[in-house]
Amino acid sequence: MAASELYTKYARVWIPDVEEVWKSAELTKDYRHGDGVLQLQLEDGKELEYKLDPKTNNLPHLRNPDILVGENDLTALSYLHEPAVLHNLKVRFTDSKLIYTYCGIVLVAINPYETLPIYGTDIIYAYSGQNMGDMDPHIFAVAEEAYKQMARDERNQSIIVSGESGAGKTVSAKYAMRYFATVSGSASEANVEEKVLASNPIMESIGNAKTTRNDNSSRFGKYIEIGFDKKYRIIGANMRTYLLEKSRVVFQADEERNYHIFYQLCASAHLPEFKALKLGKAGEFHYTKQGKNPVIDGVDDAKEMSTTRNAFTLLGVNESYQLGLFQILASILHLGNVEVKDRDSDSSIIPPNNGHLSVFCELMGVTYQDMSHWLCHKKLKTATETYIKPVPKLQAINARDALAKHIYAKLFNWIVDHVNKALHSTVKQHSFIGVLDIYGFETFEINSFEQFCINYANEKLQQQFNMHVFKLEQEEYMKEQIPWTLIDFYDNQPCINLIEAKMGILDLLDEECKMPKGSDDSWAQKLYNTHLKTCALFEKPRMSNKAFIIQHFADKVEYQCDGFLEKNKDTVNEEQIHVLKASKKFDLLVELFRDEEKATSPTGAAPATGGRTRLSVKPDKNKAGQASKEHKKTVGLQFRNSLQLLMETLNATTPHYVRCIKPNDYKYAFTFDPKRAVQQLRACGVLETIRISAAGFPSRWTYQEFFSRYRVLMKQKDVLTDRKMTCKNVLEKLVQDPDKYQFGKTKIFFRAGQVAYLEKLRADKLRAACIRIQKTIRCWLARKKYLRMKHAATTIQRYVRGYQARCLAKFLRRTRAAIIIQKYQRMYVQRTCYKRKQAAALAMQCILRAYMARQLYKSLLREHKAIIIQKMVRGWLARQWFKRSLRAIVYLQCCIRRMRAKRELKKLKIEARSVEHFKKLNIGMENKIMQLQRRIDEQNKENRGLSERLNSLEVSHAAESERLRVELTRLRGAEEDAKNNANKVTSLLEEVERLRKDLQNTQKEKKAIEDWARTYQDEMEQMISELKEQNHLLKNEKNDLNRLIQEQSQQWKEKMQRALKEETEQLENDLNEERSRYQNLLTEHLRLEEKYDDLKEEITLAVNIPKPGHRRTDSTHSSNESECTYNSEFAESEDGTRGGEDAIKGILDMSLFLKLQKRVSELEQEKQSLQNELDRREEQFQRARARDDEEHKKARSAELEYESLKRQELESENKKLKHDLNEMRQSLRGSAEASSAAPGSPAYTVLLDQLNASNEELEVRKEEVLILRSQLVSQKEAMQHKDEKETMTEPLPYIEDVQKLTDAKEISQAYMGLKDTNRSPRFTRRPTEVNELVSRLRSPFPDYHKLNEDGELWLVYEGLKETNRLLESQLQAQRRSHENEVEVLRGELQSVKEENNRQQQLLAQNLQLPPEARIEASLQHEITRLTNENLELHSDDPKEYKAYRISMLRRMVDLMEQLEKQDKTVRKLKKQLKVFAKKINDLEGGQMDVSPGQTTDEPVHPVNIPRREKDFQGMLEYKKEDELKLVKNLILELKPRGVAVNLIPGLPAYILFMCLRHADYINDDQKVRSLLTSVINSIKKILKKRGDDFETVSFWLSNTCRFLHCLKQYSGDEQFMKHNTTKQNDHCLSNFDLAEYRQVLSDLAIQIYQQLIKCMENILQPMIVSGMLEHETIQGVSGVKPTGLRKRTSSIADEGTYTLDSIIRQLNSFHSIMCQHGTDPELIKQVVKQQFYIIGAVTLNNLLLRKDMCSWSKGMQIRYNVSQLEEWLRDKNLMTCGAKETLEPLIQAAQLLQVKKKTDEDAEAICSMCNSLSTAQIVKVLNLYTPVNAFEERVSVLFIRTIQTRLRDRKESPQLLMDTKLIYPVTFPFNPSSLALETIQIPSSLNVGFLTRV
């Protein structure tokens, strides 16, 4: 393809830049061949002329289309070059906040310097099981790929993590190991995965330090091998370390720190256990203060110390060893503070009593003199003599530092060895995954020996990386049968040879170290002489003779030779080591130097640097031949050997590469420095990968993907049925150069740039189509606009003309109306004037006449009033005179009477004082009283007479007074008239004058009043208007207030409703959470049970070694091994246990036993916590029962009264029966003829009436007995409850069952069987003893004392024997009480038998009598019995009433059985009576001559009529020994499919309940308990065996629920009997309350439901992502984007690819299976809701982790798929089950992909729309949004920031992914069955013929 086709106007290119490395520009002019200058425009609008290199004439790199920018895989870019890689990483890192990117097989990880929520457990499980290309790049994806390839290819794997310091290598390696630990788990119960993770804080504390580039920089390399067993579970790990930076112990640069452990130790110096170390702050020690910055922001060293110590403890390092380690570390710090002083120029000395040296010697357990001596001296050996030479101060300090470094290195190696021992496993390792965390390529201003070794290691790793990439490329080409052409790639073998070959740099360095006087300068000269002219990769600096330059694969590096020899030799004074090894108090120190070699330098002597002073001469006892043995390997040689071993390991594994990039040097979050990034990309080999890929065919498409993407470039005639031929034909037309592509078997391979060219053609084609569409639409819009304008113009004209016509007509109408108005107006004015004048005249006349009338009236009124006043005054004066006279008279009378009374009183007092007076008074008192009474009567008569006379006198006096008063008034009136007549003339004249003046004043006042009235009227009118206005305003305000009040009331109402709704929702949520927690506890309990069973099976397998030969099995053992039946399992377990007891002593694995014992103890602790919770609930239940007992006691008195009333009723009934009997006898005596017994006769009628009355009475008595029986049962339960509370003993059957168990296997099975059934208070009276029993009897080994040296197991065995003795004693006591009760019951049974015989004899006698006498005898007997009982009841002593009541209640139980028998007898008698009636009718009709003897003999035959089906009571009887057969045929071996198709739903549940009813009917509690326990355990067993079969789980969920509903429906509780029929109420349980078992069954149903959900999830999980996301339901909406080497699953449905139809078909299958099994509709709704939640959660989680799925077209696909699911819900009538609401987050995410995302209004709309998505999810979707076509736009960073700002106040969980493991709490609403139990037919196919219908 010509350059002119690509470098056209508007094409974008990359040009070099000093600051940004590469800068984007756009061509403003087409490029022509031969042009030397390109016309460019930068992004900031600046014009630029770019000159081409005249020699090469290379054009600048083209920029990829925007649609390819931000891809997950760099190899997906069409143009593969450095600027494209850099720009793609920058866009993903800064804009999308994505730190991981694929580059072929390499994962590029950029350090964000910020904590990201992408490493949680939910993310781990989201990546688990996924292909590497199916999800967004992540370290978890690399780990999953390694784990999957290990399992699939049976080949060991390696993950190579490299990068600069601070790039995040250690964190990446840590997350990879966390992934393996989380996904795989551990093969044992020793928590190996936790130990593997616990090694990280230890290694970080002793091997990491703060540098200028990283706060937690690893200063050593490590390779961790994580071992797996055959099931690919972690069993252990091993760690190898490389090149620890020992120099950091004694020296740190500015702003750096020593290793973390020293600062952690100083920060914890205040702890009591560290007081002896005599530590202080880090700034007080020389080795920790040199960096001048001992604190790291955000790091608490004391807390980190606690974490380190916990990690040591977890790895098995005990407390004493830990303190020893810290003691050595503290001694190193004190050693660094030892001060050395000059004694002279050639010697030095340590002052005596140096505090720090004293502490060092004390901690190390060495003598102060020896250590101070050898710190300042050294020993020199010759062939014959040994010299001790002092050293100067500088050498002494160097020796001190060397010793510190040596001790730390030994300690480091010791810790690594112990970590490896802790992680070592005895289980054979099947495979491993290695994680290599090693330093990346380093170059500094001064590079020394450490950088040389680091870069040497990176050269080896880069070579291995290049070969692996080359190999993969070759395999891909060969697989697709592409012609292989050799790709030239950089081979760094010459550089490696320069370093490690013979006479290489390392070889020359080791040789120089062996020389006695070797130095760095001489070594540098040897390098120059050897390699300067022979190797092009080796150079010499111009300005230095002590340095050399090596051309590495990444860059040139200059190394300084100073210190190379010293660091390579790593010398330390031998005598100092001897002093330390001589420590007697510190065993750990001796252990560190146990394998220390004697020689401390390769030559055995250090070079002399000063004058030699001979202090002492000692002969050397060692032979000269031993000198060679004392040589040790140099550091360079050790590193080369370990590196060679590492490379061999890596070459034997499949490598996976992680390249960590440091984005900037300032640790700014999400800040990208292009210069630093490019430097690291070049160094880590990413660009080399790009170059290798670009050299071949980097872009690869499948034929289907190519066809789907570029279908728009094809014509209809080009499309063939063969996709491969179609693509070939199209490519030949589109790309003329055949070298630009190759056709493989399944893919098309393109050269670099071809995809961009095809994208350009596609975009041009789409752009042309868009232009055509725009043209057509604009034409259509313009024509529509013209037609609208034309229509609008004609419409306007029509309306204007009409308006003008209307205006003219209006004018004419107004003119005529004005004339008419004038006429009427004038008429109105005249008429108004006339009426006003007329009204004025009438008003004047009216006023004048009224005035005259009022004057006359006033004069008359005044005269009348004067008369009245005179009358009143005169009457008042007369009354006043009379009252004064009366008061004077009364007062006078009172005074006189008072005087007389006083005199009389005085006399009486004198008389009263004398005794004779009292005697006189007493004598004849009665006569005096009578006299006084007569006197009083006489005085009363006199008083009445006087009062009558007084009244007559008063009346006469009043009449006389009135007459005199009238006369006086008349005289006074006459006198007044005379006086008035005299003055009348004068007064009249004065009156006239006064009236004139009054008239004038009145006129003036009238005028003033009129003026005031007018003013007042005006003011009133104004005031009225104002008041009206104010009234109007007030009305408006009132209306406003009313409206406001209504609004407020409405708001309050809505607020209250909302608050009520929220509170209700909160309560519902709390209830659901509580229910969920309870169900989670059940799940955890089930998991622990399964673990316990697995442990038990492992112990059995470990113990039960079958002997050679045939093993005999039970006769009931099934020959089919896969169908393990109930009986065979018991037989196998028993045989296995016996075999295990014989072989246990020789083959038991002690370590396995201890691990299992530890795990069992943990399980016991968890179980104990659950048991405690159960006990707490039990105590609450007991308290409630106690309250019920108190209420029961209070109700006893009422019950006694009720019983007394019942006795009275019985007496009255007895009298009634006697009366009826007498009537019957009289009627029978009254008729002596034979025909008297015929139907219709009086005797016969009376007989029938009496028989019916007897039947009714019998029914009444039956109901009364039932009531008394229920009271008896309740009293028995209360008494048992009370006895059990007092004695706290186990029930007898439970103890017997435990005693019968002969070995631990049976005990374990019994415990597992009773664990679920003993949850009720009835069976868990003493949980502590049960737990103690189980814990003591759990282990199946009898000889524990032979297996445990400490004697713990022997003590357990002794406790077990004590427990057995205790159980035996309790068993004997219970057995004695049981025998006593049996004797009592036998006596009662004998009495019952006697009573029964007596009744049978009586019945036989009655049958021999004629019918009349038979009925009479029966009634007489019953009356006699009832009379006797009543008489006995009345004659009893009240003190013995209680004992009698108990015996009475016992008899009532027997009476119930008798009544049932009598009921049967009555039914037979009724049948006989009907037969009698029928025969009598026949005799009357046609056989009148038959003798009476025949009529009495024939009724005997109907007694043998067979029982009809309606007499079936809905019960099934089985024998005790058939219980296992019942469970086996009905549960374990039942095929759900046959039952579901052919029989009624829930048939096994009905059959089991009918069997339970019979056990309840016969009152066999042992049978009830055994049946329920067997059923529950069998259901659990079948679910454990076939738990992955949805049909089986659904079948038993339905049957368990039906069984639970039956227990409720027939329990007798009123709340469950509302919908029962009368017959169903008769079938209720009568003897046992199984409420506790209902709870156990409910828990079992919850477990089955959760198992159903897990099974359903396992089936749906593989379909969801493919069907909901990847498959294109609407074809052609979204095209496939270019992908890289990490291929994703095709979105085109192939064979085996799941589609949405697959999901819907599976949902239909689930629904139909549950419906066939008769699952409750409410339960089906809950299952469907859970199904839809899983679909929505998995789809959304995958969407959040896949950048390629976040596009507009994919949102449309998702919404269409969701609509199909909603349609399915509508078809199944499940819209109200809440399933649609679970899809709301997914729906909102799809809407978020489709809405507009530009303006603030869009942001507001998104925030209000996405209320079901969290902020993290919304931001993640916006960051991942990727345009599929060139017409879509990316979401700007500013818009995302706006969204984050608006959602900042949301209170929500920061979790990104939805919890796919969430299971909604399930409820089981009561669903009664209308099916009658007696109508159920049992098919023979169930093989339960041993059941008998009752």
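The backbone N, Cα and C atoms fix where each Cβ goes, glycine too.
Just so you know, TrEMBL annotations are computer predictions that nobody has curated.
TrEMBL assigns the feature coiled coil to residues 1357-1402, out of the candidate ranges 23-68, 1357-1402. Checking TrEMBL for region 'Disordered' across the ranges 1036-1068, 1168-1200 points to 1168-1200. TrEMBL tags one of the stretches 500-527, 640-667, 1452-1479 as coiled coil, and that stretch is 1452-1479. Taking a C-beta cut-off of under 8 angstroms and a sequence separation of 6 or more, G166 (ATP binding site) has the following same-chain neighbours: N111, T211, R213, N214, S217, K662, K667.
Residue environment of G168 (ATP binding site) contains 25 other Cβ atoms, counted within 10 Å of its Cβ in all protein chains. Its Cβ placed at the centre, T170 (ATP binding site) has 23 other Cβ atoms within 10 Å. Spatially close to G163 (ATP binding site) yet at least six residues away along the chain are A109, K169, G440, R659, C660, I661, K662, Q680, C684, judged by Cβ distances under 8 angstroms.
A Cβ within 8 Å of the Cβ centre of G163, E164, S165, G166, A167, G168, K169, T170, the residues given for ATP, is found for these other residues of the same chain: N111, N214, S217, S218, G440, C660, K662. Across the domain 'Myosin N-terminal SH3-like' (8-60), DSSP assigns 0 helix, 24 strand, 29 coil. Here the binding-site residues are E164, S165, A167, K169; the one with the fewest Cβ atoms within 10 Å of its Cβ is S165. Note on the coiled coil (1452-1479): its mean pLDDT in the predicted model is 62.
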